[in-house]
Amino acid sequence: MTAEFLSLLCLGLCLGYEDEKKNEKLPKPSLHAWPSSVVEAESNVTLKCQTHSQNVTFVLRKVNDSGYKQEQSSAENEAEFPFTDLKPKDAGRYFCAYKTTASHEWSESSEHLQLVVTDKHDELETPSMKTDTRTIFVAIFSCISILLLFLSVFIIYRCSQHGSSSEESTKRTSHSKLPEQEAAEADLSNMERVSLSTADPQGVTYAELSTSALSEAASDTTQEPPGSHEYAALKV
C-alpha cells in the first residue's frame, strides 16, 4: 500500500514537472542574414535562426504575409533558410521562432530583420548620377564665385578711379585760382599803399599844400622883407 502510494506520488510529480516544462515560455531566438541584409537582385542570401536549445523545430515567417511559412527541424541550435536568385518581391521584414520536442507552443518571435533587395541597374546608375550632379553644382558655384569676385574688383577699381579724378580736378581748380587771387590781393595792397602814401595824417594832400604855399609866398612879396630869423626859417 505504501509502495503503491509512493509510486503514484512520483508519477504525479513527474507528470506535473513535464506539464510545467511544457508550459514554460521559451526565450526568443535571434535572426541574422549572411552575408548581408542588403543584397543585389539575382544574388543569394541565407537567414540564420539561432537559439540556446537543441533538437528543435524552427519556423520562418514574413511580416504582412500570413501565407509565407518555412519550417525546418534541426538537431543543432540553429537553422538556415537559404534564398537563391533573389527577386524584389523577396524584400521585406522576416522573423523566426522555434519549439522543442517537449513543448507544444512556439517561442517568442525574434527581432524583425529587414531584407533589402537592390536592383543592379539602379545601383550602377545612382553613383554616376550623384557624381554628375555634384560636378555640375561645383562648376556652377565656381562660376558664380568668379563672377562675383570680378564684379567686386571692377566696382572697387571704378570707385578708386572716380575718387582720384575728383581729387585731381579739385587740386587743378585750386591751383588755377590761386595766381588770380594772389594778383588781386597784390593789386589791392598796392592801391592801399598808394592811398596811404598820398594821404596826410591831417587829411591834406601834397597838391593842396603846394597851392597854399605858393599863395602865401605871393602875398609875402608885397610886404616888407622879413627879418633875418624869419628868412632863415623860410629858407630851411
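Using the three backbone atoms N, Cα and C, a Cβ is placed for every residue, glycine included.
According to TrEMBL, the protein carries these features:
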- 1-16: signal peptide (SIGNAL)
- 27-114: domain 'Ig-like' (DOMAIN)
- 136-157: transmembrane segment (TRANSMEM)
- 165-200: region 'Disordered' (REGION)
- 215-236: region 'Disordered' (REGION)
Residues in the domain 'Ig-like' (27-114) grouped by DSSP into helix, strand and remaining coil: 3 helix, 48 strand, 37 coil
Whole-number mean of pLDDT values that fall within the domain 'Ig-like' (27-114): 94
